[in-house]
Amino acid sequence: MEDEKPFTSSQNGETIDLGIDFSTTEEIKVPEKLIDQVIGQEHAVEVIKTAAGQRRHVLLIGEPGTGKSMLGQAMAELLPTENLEDILVFPNPEDENMPKIKTVPACQGKRIVEKYREKAKSQESIKSYLLLAVVFMVMMAVMIDYNTTNFLMGLFVIILTMMVLSNMRMRTSVLVPKLLIDNCGRRKAPFVDATGAHAGALLGDVRHDPFQSGGLGTPAHERVEPGMIHRANKGVLFIDEIATLSLKMQQSLLTAMQEKKFPITGQSELSSGAMVRTEPVPCDFILVAAGNLDTVDKMHPALRSRIRGYGYEVYMRTTMPDTLENRRKLVQFVAQEVKRDGKIPHFTREAVEEIVREAQRRGGRKGHLTLRLRDLGGIVRAAGDIAVKKGKKYVEREDVLEAMRMAKPLEKQLADWYIENKKEYQVIKTEGGEIGRVNGLAVIGEQSGIVLPIEAVVAPAASKEEGKIIVTGKLGEIAKEAVQNVSAIIKRYKGEDISRYDIHVQFLQTYEGVEGDSASISVATAVISALEEVPIRQDVAMTGSLSVRGEVLPIGGATPKIEAAIEAGIKTVIIPKSNEKDVFLGPDKAEKINIIPVETIDQVLEIALEDSKKKEELLRKIRESLPLRKA
Ligand SMILES: Nc1ncnc2c1ncn2[C@@H]1O[C@H](COP(=O)(O)OP(=O)(O)OP(=O)(O)O)[C@@H](O)[C@H]1O
């Protein structure tokens, strides 16, 4: 029971209880089966086990790097191997363009081809002896009565014999079938990853033959190439981003799933291969399709319905509760990543603690650990590489910390560059007070924060009828929405309509990829400051969403945003109270910043505005007017 209780507090540099006694991950046993190595996706694991037993299709929806392809591979391991088959393609004497297909138990395919080859070879040797005999006889005849006519005659006979024999040779080799799918010696059912495959690779193809019309060509059956659907026969066909397949391909995939057989034909209409169409080739695979939520919308409806009707849909989790049991699983994860990589040393306990701390940080929510394990595995490998370079026997804590500094995702590198750049041009101010200018916070990608300065100017409306909200810089829509929300608040405390003013809002130097939806308390603060002419403290940064009732609502990415503020040299950060427990900072960082959680807009203004009589008056009016003001 104790193991299942989630931890709620941040560990800020203390020793982390990992729920297991060990000094290095060398002592941790890694399960043999891949399915037992899947961490934190218990529901998906259950479904995969059931689906493997019942041969059902599965649709896995979720974020990248959460184990979708790993589950597909794990499923292949669970499938029986006794009924694996070899597939052969034979020439069809009645219709050359419709090669015949034959299925035999695994390993028999090779033997059959071998037998045909032997037969063809013995015919070959008879022909060679025949040719030798003819040459010998002609030479004898020419030698007995040598003259030019006889010599030329002899040459003609030899050439004629060679031509006849070579024509016979072609006919004999035509009879050797081609082994299309060879499953001999396989210890696991096939797992075929068809992500991003083009039509020929997925469905099979027949190669073009330029000599075909001259009768010199390669026989049709030899030009037949199996598709991934055929290679996956009796195994798993895994397709990530399934919606990126063309509708036509999805339709063919559906047919293949229904029929469990699919003929192979040339995919290019201009190729001579397009004339060839084999008998249906077995493709009795289990489809494990993957993607994100967008995939569900874009997928061929009939294909999705097939999976829903004859299989399961699973939503992959992105976090798991921070319990002792799950921390133990992360220890196992580190051990298994080390084993899988094969080139890096094992981790010390302290190094694993640092990985778990990073998992908490990336979890982004209180009491949660991230399940984007591919990214976490990236840090494990980078730390391992660092330890290898230093010639260490084990990966230590400092190596993990160095890896986290080094292995920054692209977005983080970009965010750092913004900060440097903005500092250089003094776009980010970290001291003094300014009217209408606030340090907002935003994220790029998922893990990287930036300081996003916002400026507002308020002037009496130029037009008599109505004022305008003029937004410059990217994120225009977000700013407009934020201004609309703050206008309700202003109306209440000021008793006047904001439409009497033109309001200009600018997000200073924003770039592609910046997510600004959590900037609404910043916009509100900038607008109120501009309207009331009360300066905003520039050593304060803030993040939070604002409701029309003046509540400060939770946002994502609290930790990276605070880290960005620290890097920019800001001293105080305002965050929504409900995000308080999502903050995971190391002790070195935590001491550099004062984090103030707030619930309402007046609390924001109290901290962010410079002290003055005007400010006191403003706060009094706002507090009286706010419907949900908490005492
Ligand atoms: N749940 C998990 N348990 C253990 N390891 C995991 C898990 N998820 C991811 N990993 C690690 O990350 C690697 C990559 O994961 P995988 O390729 O399965 O992710 P995915 O969800 O298929 O991502 P994508 O959609 O980008 O292909 C795995 O080989 C494994 O090392």
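Just so you know, glycine gets a Cβ as well, placed from its N, Cα and C.
Residues or ranges marked as active site by TrEMBL: SER518 (among others). Within 10 Å of the C-beta of SER518 (active site) we count 28 further C-beta atoms, all protein chains included.
According to DSSP, LYS561 (active site) sits within a helical segment. For LYS561 (among others), the entry in TrEMBL reads active site.
TrEMBL lists 163-330 with the feature domain 'Sigma-54 factor interaction'.
Feature annotation from TrEMBL assigns domain 'Lon proteolytic' to 432-611.
Annotation source TrEMBL lists transmembrane segment at 126-144 (among others).
TrEMBL lists 150-168 (among others) with the feature transmembrane segment.
The Cβ neighbour count for LYS561 (active site), using a 10 Å radius over every protein chain in view, is 28.
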